[in-house]
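Below you'll find the structure, written out as structure tokens, and then a few comments.
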């Protein structure tokens, strides 16, 4: 399924039904009086989250969303039926923005809903205008028009851990080995063109891990795959910086990644993370230990290493600890020691 994380849609809520102007006509009733009913209200346009969705693909070509109009009032004081609401399902993590990118709602919870466009009120029938001075009222009102607006649906992935690294750093390989995800793996840059989510199981717990497409220098300026996917990192509780162990200067790679995230958003600069040296099976044991020690001393961050199947358990254990520290109500929250697993 193609991953679509932003679409623009036009919303049209239902119009209210017109009020009715009529008079009671019944045998032996000479002055029946007004009996026109009110019109029904127009339907609303509602967005609701669905746990089974992970893309906005359904709205790529379905750009006009229109709710049902209210029915007009009828004689005998019968109110018109209200129009049905249009309920649109979106993935968890969807933001609803105005055309000027002002946030209207952030749908982060399962079954969370938001009324994006309100239907118009039904018009009044002539029966509602009857009073002691106007016993044969003929006036009525038309229904109000429903709201019309254009909004932007912006999806930001909800994940516990985000995998950050340069192209070909081994993010997809790591995700495929520790979770149920099957990302494309190749020996050329940018084999991952869209975020991929997998679920890793450790100690009877599940951790949602997102593989973010490779970041290059200038990504915050829209170079490479640009800022399109950097937004998905914002919702991750913690990050893993994956650095290719065969790089000559692994600290410069760490600095590049850290700077790009910081330039995109200051919130990412303070997000908890640890470092994972990948492709360690291509290096000698002593060289691996030296590089881990070097980057640990330079950054003060926990540094682990992994190969094709090496050291997955310790990496996942560290990831699980980061996630647990960010759970609401955890008394240890904010007391993370970056040098402890």
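Every residue, even glycine, has its Cβ placed from backbone N, Cα and C.
Under the DSSP three-state reduction, residue 306 (GTP binding site) is assigned to coil, being neither helix nor strand. Taken from Swiss-Prot, the feature GTP binding site covers 165-172, 190-194, 211-214, 278-281, 306-308, and the record attributes it to sequence analysis.
Look at Swiss-Prot and you will find 172, 192 tagged as Mg(2+) binding site, backed by sequence analysis. Cβ neighbours within 10 Å of residue 172 (Mg(2+) binding site), excluding its own Cβ and spanning all shown chains: 25.
Averaged over the domain 'Obg' (1-158), the predicted model has a pLDDT of 92. According to Swiss-Prot, the feature domain 'Obg' maps to 1-158, an assignment based on sequence analysis.
The domain 'OBG-type G' annotation in Swiss-Prot covers 159-341 and rests on sequence analysis.
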Worksheet item: Least buried of the binding-site residues 168, 306, going by other Cβ atoms within 10 Å?
Response: 168
Worksheet, complete the sentence: In the three-state DSSP scheme, residue 165 (GTP binding site) belongs to coil
Fill in: Cβ neighbour count (within 10 Å, all chains shown) around residue 279 (GTP binding site)
22
Worksheet item: Cβ distance under 8 Å to residue 165 (GTP binding site), same chain, sequence separation 6 or more: which residues?
Response: 171, 214, 215, 241, 242, 243, 244, 257, 278
Worksheet entry | Rounded Cα-Cα span from residue 306 (GTP binding site) to residue 172 (Mg(2+) binding site), Å | 13
